[in-house]
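Engineer: Once you've had a glance at the structure underneath, I'll fire off some questions.
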Amino acid sequence: MMLGFLDVLGTAVFAVSGVLLAGKLRMDPFGVLVLGVVTAVGGGTIRDMVLNDGPVFWVRDPTDLVVAMVTCFVAILVIRQPRQLPKWILPVLDAIGLAVFVGIGVNKAFASGTGPLIAVCMGVITGVGGGIIRDVLAREIPMILRTEVYATACIIGGIAHTTAFHVFHLSSQHASVLGMVITLGIRLAAIRWHLKLPTFELEGKE
Amino acid sequence: MMLGFLDVLGTAVFAVSGVLLAGKLRMDPFGVLVLGVVTAVGGGTIRDMVLNDGPVFWVRDPTDLVVAMVTCFVAILVIRQPRQLPKWILPVLDAIGLAVFVGIGVNKAFASGTGPLIAVCMGVITGVGGGIIRDVLAREIPMILRTEVYATACIIGGIAHTTAFHVFHLSSQHASVLGMVITLGIRLAAIRWHLKLPTFELEGKE
Amino acid sequence: MMLGFLDVLGTAVFAVSGVLLAGKLRMDPFGVLVLGVVTAVGGGTIRDMVLNDGPVFWVRDPTDLVVAMVTCFVAILVIRQPRQLPKWILPVLDAIGLAVFVGIGVNKAFASGTGPLIAVCMGVITGVGGGIIRDVLAREIPMILRTEVYATACIIGGIAHTTAFHVFHLSSQHASVLGMVITLGIRLAAIRWHLKLPTFELEGKE
């Protein structure tokens, strides 16, 4: 139940993040719709194509697809105000969607019977996939490459979720919430205090 | 029969659109071949990976793959003239391929037994997928984002096709043609008279 | 056995190529890890999604995934030296990975029972897929579009491999080695002597 609610929440915030990015690109409403929907369902779509047991989730059950579409329409109608949006809106929405989707991805991997390593990978794919597609289509450098402590947050959250479930035998729901809180906490802290790990940098020109 | 012909036509025009874009990038003939083929079969490939019932269409039946390859070779040999190509060639070819592939995608979704919402989505994916891959690889902003009334045309065409089939019980073939004519008509009108919907635009910097 | 070793080698060199490109982008170590791993397993992942018989290879057997991860960690620790890397490192690593993965892709296609045309396509997809994802994410023009004799090399290598196996009945292993040597030889020759085919170029603005 609660996971169902979080799923809808994650879908909606990612859809809005797609709409907000589209707002910088002079697109018409249906183009905005496409970018918002792709952002919302993209990560889970890649996950299901990789796991490959049957059609992807929104073909089996179009709930998330409808949530994404309705969210886009509402967002297009509501947000259309000319005043400046604060800079932190898109990263924070992205962080919420990221945290929720990493947790959902890990759970779906467990449900498919994969081991812990693959489960963490599925969490990361589900979390970052939609945002990567959004940014590649809009020709932004993907957040996962340009933003510090982004991959880090979802890898640590996914490992915490998996460990809590496999090693400490928390219930699936408790383990999910723990992982999501950790992912979200790391990302919000990184956005608020501009945390960064030491970057890996080479001077050589390729 | 007629749908088979339209399939070949859509594949060929998308292949040529890939070759034409490649012509701006100083690629060698095999690179041109790859870009042309990916453009021609990309949308249907994504659709089949999402629907996920067996190998993608060109693995099951390589006809379209061969059509795309032959078209690329012919296009490379024939088009190699130095004079300026008119600006409207690529958008018009793209519009024909788009209209045909939206119709084919909707039909394949019906054949897989999906509902009307998923059918429209499959039409859109089939129609725009190849062009998106083409433009992402060539580092163009995808037409679906930069071009007005692009997503709009294929969504309306797909809805018309689905409605004609499901609500008005037209034959699959008549419904397909109706949908294709609507998609193509909207795109051509948009290209000719520079139609646009009011764009959705935000001033806020993200 | 030897093919298993080559698989590990190809995975490792592609992972390093991802790490090297990441070194130009000021990413933190986990971001580097993601780019390296995606480069290493991306081509095979697309191939398996297209062939669509069961989960992709690294879900079934995570060996290659672990190899890619360990390689990235080692590369991040070892390469962190500030002096200039020679320009040819990335293309040469890429050439080795390309040659190995084209061969592996052709073999996997034969194992799935596809015909020779599809086998060559699967070789090309496996070889170029990871590098394309790497370059798209990092907003480089993909090597297959910008680099001469790149698609050419893997198409010729894949055809040689397929012909040796199907027409001259070489063992799978001998045919693989032949194809790999040809792909690698063409790429290295092209890098060393700046070989190029006549390029296909159009003056017309699209």
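Quick reminder: no glycine exception, Cβ is built from N, Cα and C everywhere.
If you look up TrEMBL, you'll see B:5-78, B:92-161 marked as domain 'Glycine transporter'. Per TrEMBL, the feature transmembrane segment maps to B:6-23, B:30-50, B:62-79, B:88-111, B:117-137, B:149-168, B:174-195.
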Engineer: Looking only at the domain 'Glycine transporter' (B:92-161), report the model's average pLDDT.
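Structural biologist: When the pLDDT values over the domain 'Glycine transporter' (B:92-161) are averaged, the result is 91.
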Engineer: Please list, for the domain 'Glycine transporter' (B:92-161), how many residues fall into helix, strand and coil according to DSSP.
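Structural biologist: So the domain 'Glycine transporter' (B:92-161) is made up of 57 helix, 0 strand, 13 coil.
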Engineer: With helix taken as DSSP H, G or I, strand as E or B and everything else coil, how many residues of the domain 'Glycine transporter' (B:5-78) land in each class?
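Structural biologist: Its residues divide into 61 helix, 1 strand, 12 coil.
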